[in-house]
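Colleague: Before I ask anything, let me first share the structure, which is written out below as structure tokens.
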């Protein structure tokens, strides 16, 4: 519930800012890029190591230290706080360099505004880091609510700031932007991340944990952190290289390019976060147990079922994105001060991203197989290949497509990259495990493709008939419902039994057995968070 509420609030924040600042304006592009840079720096410095290295070390200290790992956690929090504080200062000084790295298509005035925004936003690096570290300590202590609900506070604050900006008459053009309005946007946005951190730190203090700085780093295990986190850092760096090149390409596309790309990518991530990450969360404990037992058959069965459950759930979503991308964009973003042509561009980009949804999901799930076997090196190498394909695609889009279509080339590059990652990860796992249930996976994907094509065809036909007659809300509803029915009917005719498993999972939860998967019956499985090899949502 907390995750869904936080993501829903984050989605509302995106819509409010687009309407208030004007989708298609240079102001929104500057704001969105500047607000993404703290995430980029944070991920590169510590984000990749947080879940894979720091959390396990906190867990070990809690189990082995006489004080339950309190002093160790205090030292680790202090190290992260002082370290990220120093990184924030350096990044603030280098803000013009960071901005130039992402914005070859910005005008001089837009670049200057982006640098100003960036310097106000960079303290978020410290806020994000302390929030994540304190949340990790809370999780180790069995307190889960605050870290899950804290992002909601962030989104609510920023949404309120956006609405207040509209009420006080904030401008959508850079020349009309006043200093008070600039400060409202800048300080208000960073205040949202500060509220997220404050909520987690307050919960940590309430749990009885003594918030005391420790300047002595002895016993933290810096060498171990560096050794274990190195390949995760490499994975994150590869993802950020792709994000950098994609953003540079979007900036060349003209005003609104960056916002169209980032908002379409955020929408693309939502079904992945709700569906695939839920499947991964359910699958991971079972997958890890089987990996610890070196039970390759059950690892294969877990990964196969995870992919099949995800693909049958995501395929109709992808079909709707492809068939109704422009109508969805108009329904969500054609409000307030948004530019109609940029809304249309966003819809096209969203439709193309829909084609990448299924391969992205399969790629992320397969990487979990490596992580379950405590292998971070192979996913990092695969991620570098994925990044290379994506970078090549984005560069090709910038070189060969018309300026107005460059942003549309970006999701094509992402789709090619994710498909490459899916195939590569599958081949490597097949070599390592001996089998990956390839025949069943190919059969399921082929049948899902047929069902999704039928759904997209029905939705497209209805939308084509109704679009000249009515608004996007009616078009989306009238086309989406028969499209969904067409998918379910086609799936039943094609005997996609995974749909029954999905329904059972949603209504009664997943019951995990320990035996191998029997012929004709599916078993539920599990993964968790966005894999480090996959690019993070821009500005998330």
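Using the three backbone atoms N, Cα and C, a Cβ is placed for every residue, glycine included.
Unlike curated records, TrEMBL annotations are generated automatically.
Not measured: the values here are computed from a predicted model.
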Colleague: Select from 305-325, 515-535 the stretch of residues annotated by TrEMBL as transmembrane segment.
Modeller: 305-325
Colleague: Pick from 266-284, 285-303: which range has transmembrane segment per TrEMBL?
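Modeller: In TrEMBL, residues 266-284 carry the label transmembrane segment.
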Colleague: For the transmembrane segment (379-400), give me same-chain residues lying six or more residues beyond its boundaries with a C-beta closer than 8 angstroms to one of its C-beta atoms, as numbers and ranges.
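Modeller: The answer is 231-232, 234-235, 238-239, 241-242, 245-246, 248-249, 252, 363, 367, 370-371, 406, 408-410, 412-414, 416-418, 420-421, 424-425, 428, 531-535.
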Colleague: Mind pulling out the one from 40-63, 119-140, 266-284, 345-367, 406-428 with the most Cβ pairs under 8 angstroms to the transmembrane segment (225-246)?
Modeller: 40-63
Colleague: Please give the sequence-distant neighbours of the transmembrane segment (473-494): residues at least 6 beyond its ends with Cβ less than 8 Å from one of its Cβ atoms.
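Modeller: Distant Cβ neighbours of the transmembrane segment (473-494) are 312, 315-316, 319-320, 323-324, 327-328, 331, 447-448, 450-452, 454-460, 462-463, 466-467.
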Colleague: In the same chain, who gets a Cβ under 8 Å from the transmembrane segment (119-140) while lying at least 6 residues past its ends?
Modeller: 34-35, 37-39, 41-42, 45-47, 50, 54-55, 58-59, 62, 69, 73, 76-77, 80-81, 84-85, 87-88, 91-92, 95, 146-147, 150, 186-187, 189-190, 193-194, 196-197, 200-201, 203-204, 207, 209
